[in-house]
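Student: The structure is given below, and queries will be raised subsequently.
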Amino acid sequence: MTRLSDAFIADRPALVCFVTAGDPSVAATPAILDALVEGGADVIELGMPFTDPMADGPAIQAANIRALEGGVTTADILRIAKDFRARHPLTPLVLMGYANPMLRRGPEWFADALRDAGVDGVICVDVPPEEDDALGPALRNAGIDLIRLATPTTVGTRLGTVLNGAGGFVYYVSVAGITGKQQAQQSSIEEAVARLKGATDLPVVVGFGVRTPDQARAIGRVADGVVVGSAIVEIVADHGTAAAAPVAAYVQSLSAALADARKVSA
Amino acid sequence: MNAPNSFRAYPDERGHFGPYGGRYVAETLMPLILDLEREYRAAKEDPAFAAQFDDLLEHYVGRPSPLYYAERLTETLRDGAPAGMGAQVWFKRDELNHTGAHKINNCIGQILLAIRMGKTRIIAETGAGQHGVATATVCARFGLPCVIYMGAKDVERQQPNVFRMKLLGAEVRAVESGARTLKDAMNEALRDWVANVHDTFYIIGTAAGPHPYPELVRDFQSVIGREARAQLLDRTGRLPDLLVAAIGGGSNAIGLFHPFLDDRDVKMLGVEAAGEGLEAKHAASLAGGFPGVLHGNKTYLLQDDDGQIAEAHSISAGLDYPGIGPEHAWLKDSGRVDYTAVTDREALDAFQLLCRVEGIIPALEPSHAIAAVARKAKEMQSDSIILANLCGRGDKDIFTVAEALGVQI
């Protein structure tokens, strides 16, 4: 068992929470991560800022800019991760971001640095299975899960391609689009989750466009986990260095909704 | 088919040029990229596709473009050269194309692919506006709705092209994110595409982006080199000694170079934008960058130690991009093509020189190539031939040039 797989054994869907590292500052990030855990997050997704986040909507784009303007570096992100691991030995931590910052010093360097920092998995938006050689082997050799994304366009035989080499969980991107925009129809999510669960034993987690406890509860009835990102990032944008308390309160409302998600049958 | 050991046999089946190129895109786009590749393979085998492409290039674009011996430029450059030195300078006149640049060649090819794939909406990015104008033009020609993403800073400094695009029926969306220039426009076009994959075709303007774009843009632009090769053989009975072309993403250069890559005696020189100098702000990804991944491909990028992309700078908005097409990255590493860089100031001097001695107002992009030609010609024997691509005309640049020269118009 790994920290990541342990996050999905509870009798309720896992809550996966995203924030951008270094937003609003490197110094403020640890308290925000602690707030996610305090509010009930089961998995932490820590965004690695990038100058060109082409899969992200306005909220996370702005977070990337704030973080980079605040001077966050790769070394800062690794230190944030390592310190988080020391404070929270059991909470899985996943890095999410884009290929270029991850590959800058070579995939082996990156994988070793993540292992040293106690990071459990990586989501890389722009390394699809076709380019797995660029990152996948190095991560797997270091014992780090490469979490793959499936989308509404991942159909037919392609699903097998995506699942080959996948680890941790499968992240279902519920809308063809960018982060934080529209939400998918519940029926299309249910259909996709059923299809994915028929093809893999990995937990299936649903994200993109999830904002309210009710949405999270509805998705949690069918999925193994729910990702919330842009909505948390917007709280950080509004409250800056004082964001920890409102973030904890918001995450608490999500985790409370997920706690009873499976008590009502789908 | 290409012979083994050919420089023309790339990319491989996964879209790689050596370590460069590839398909570094979000999963949502991957099935569409694979569809595009299948459709492009089929189109390549379809004589009807080639016939329609050739017909439009001839009657709509105005091809073949002339090959011109720049006699007075040649003589002017010989004036400053040692006796017996000073190569003949010939220009491939792609600035005479409809819309004033080579960009239209590629847009014709891609819109035919879009129609073949049943797509009903076109998007594109643009920097200076030349690719945006060319895209808006083919969309008007084929009656497809068109959205052009353009950095807000570029919208401000390229108003004439913005108005041209609007006249042609395109919607121009000013991009306020990032540095508000070309790379941000490309990010925004990718965000649009990922949300509209079902009906939208993305006409990428240069030989970059995810496979198969670098290959298909190169193939559509290779009409430049094929024509030039045949024209020069016809006029002089020989091949050129040196090809020269400016490089932003690199589509006019690869279009000129590719048909000559296996002519071992033909040397090639790609000219990047050195901006204010390679130690200052510039756009020379090969000279000042490192390999990395951006906008769907692995290639040389201007970036910092953490992989954050740097802002490019060139007086030429068309060269103002922090990356370069992956085939150029590979041709550099393989040594087949040499690359150099030319500053804003050198390009401005070359711009004025060509105006005065040849009566041709070049765009600022090929002005970089002309500056490199001026350097090289003096080092070559007078019986040698330089063939440079005059890839765009300078009407769009007169305001920029006036400002740089301190002239009020």
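These residue numbers are counts, starting from 1, taken along the chain as shown.
The backbone N, Cα and C atoms fix where each Cβ goes, glycine too.
As annotated in TrEMBL:
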- A:GLU45: active site, proton acceptor (ACT_SITE)
- A:ASP56: active site, proton acceptor (ACT_SITE)
Student: How big is the Cα-to-Cα gap, in Å, between A:ASP56 (active site, proton acceptor) and A:GLU45 (active site, proton acceptor)?
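Tutor: That comes out at 15 Å between the alpha carbons.
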Student: Enter the number of other CB atoms within 10 angstroms of the CB of A:ASP56 (active site, proton acceptor).
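Tutor: Within a 10 Å radius of the Cβ of A:ASP56 (active site, proton acceptor) lie 26 other Cβ atoms.
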Student: What count of other C-beta atoms do you get within 10 angstroms of the C-beta of A:GLU45 (active site, proton acceptor), across all chains shown?
Tutor: 27
